[in-house]
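S.K.: Dumping what TrEMBL says about this protein:
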DOMAIN    105-320  domain 'Radical SAM core'
BINDING   Cys119, Cys123, Cys126  [4Fe-4S] cluster binding site
MOD_RES   Lys331  N6-(pyridoxal phosphate)lysine
Amino acid sequence: MITRLNARSQSADWQRAMARAITDPAELLRRLQLDPALLPATRQAARNFRLRVPLAYLGRMVPGDPHDPLLRQVLPLGEECLEVPGFDPDPVNDLAAMPVPGLLHKYHGRALLVTSSACAIHCRYCFRRHFPYQNAAAIREHWPRILMYLRSHPEIREVIFSGGDPLTLTDDRLAALAVDLAGIPHLRTLRLHSRLPIVVPERVDQALLDWFTGTRLHPVMVIHTNHAQELDGTTRAAMERLHLAGVRLFNQAVLLRGVNDTVQALTDLSHALFDSGVQPYYLHLLDPVKGAAHFAVDQETALALMATLTRQLPGYLLPRLVRDIPGQDGKITLVPTL
Ligand SMILES: *Cc1c(COP(=O)(O)O)cnc(C)c1O
Ligand code: SF4
């Protein structure tokens, strides 16, 4: 028995943290001392898209506050079950853009891989909440065809690991993918889009740094943070480990009603990112996904917020306000008139 307990078969700290995440709505309400009357609607909404909150993230919420900006991102609400015209299961029409299952090639020079169907946290506003992953997250099965596609498109410089969350895969698996990609001469950059460094900061361990910075590809990480309260000493330390290993760090946020739709919240976020060595990159308008209409901020309000941010922040702390419009060959940048 003892011989089986080698380093490889033991689960890493981050895997144990993921396994301990809260998935029971009653437990979430109890731990945060919230009104049990919320439970029936929460249970019903969680049936469509399960509740999932890692304990590290829960620990940054303020107990007793039903409007806590972190809680709002994960608490299933009755509003999710309403049918709202214009809010659809696949708002960005991803399925139409897959030349090989698991590979999205919509933008010049960049190809995006849906590497994993799993996430460490379930964000209620997620545009992939209805994504039929069983068709898409077929990276393993279709890997030879994906490599062939990438080899035959010399204009692709960058491969993006997305999901789900790519960092739910094991480092052995990710290392194998990175090595295969590094073998394609025209690829230059490997970019990860992940929420794990925020919600399970112990995910940024030496094994990750080793494979991510261990090929000739430039390592880029886009973290997903929507509110300054999501950043603390543990996430700052994770960013520092990435930075010292040579990873370029960017953040993308989603503009969410009741979470970060104020000038104060957005300036605080940019400053907190700066303190963590992370460059603000995108502020997304919500993709109109079914079940998330209550998070929507209209374009006019978003532009007014951006106009104020533009006056109050140095240019290097300003995210670009963008929206994804089906059929376009890039995200559309919305620029406020000043
Ligand atoms: C967002 C996205 C990208 C990356 O876009 P950038 O502007 O380079 O950040 C690439 N492919 C797809 C399909 C995307 O949705
Ligand atoms: S894909 Fe991103 S936004 Fe969606 S649930 Fe996973 S971590 Fe949250």
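Glycine residues also receive a Cβ, built from the backbone N, Cα and C atoms like all the rest.
TrEMBL: automatically predicted annotations, no manual curation.
Quantities reported herein were computed from a predicted structural model and do not represent experimental measurements.
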S.K.: Can you check how the pLDDT averages out over the domain 'Radical SAM core' (105-320)?
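M.R.: Overall, the domain 'Radical SAM core' (105-320) comes to a mean pLDDT of 95.
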S.K.: So which of Cys119, Cys123, Cys126, Lys331, listed as recorded positions, have a Cβ under 6 Å from an atom of ligand 2?
M.R.: Cys119, Cys123, Cys126
S.K.: Of the recorded positions Cys119, Cys123, Cys126, Lys331, which ones put their CB under 6 Å from ligand 1?
M.R.: Lys331
S.K.: Quick check: which same-chain residues outside Cys119, Cys123, Cys126 lie with their CB within 8 A of the centre of the [4Fe-4S] cluster site CB atoms?
M.R.: Ile121, His122, Arg124, Tyr125, Arg128, Arg129, Arg195
S.K.: Give me the long-range Cβ neighbours of Cys119 ([4Fe-4S] cluster binding site): same chain, 6+ apart, Cβ under 8 Å, in sequence order.
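M.R.: Listed in sequence order: Arg52, Cys126, Gly163, Gly164, Asp165, Thr168, Arg195.
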S.K.: Write down the Cα-Cα distance for Lys331 (N6-(pyridoxal phosphate)lysine) and Cys123 ([4Fe-4S] cluster binding site), rounded and given in Å.
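M.R.: Distance between the two Cα atoms comes out at 21 Å.
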S.K.: Going by DSSP, is Cys123 ([4Fe-4S] cluster binding site) part of a helix, a strand, or coil?
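M.R.: Coil, per DSSP.
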S.K.: Take the Cβ of Cys123 ([4Fe-4S] cluster binding site) and count every other Cβ within 10 Å, whichever protein chain it belongs to.
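M.R.: Excluding its own Cβ, Cys123 ([4Fe-4S] cluster binding site) sees 21 Cβ atoms within 10 Å.
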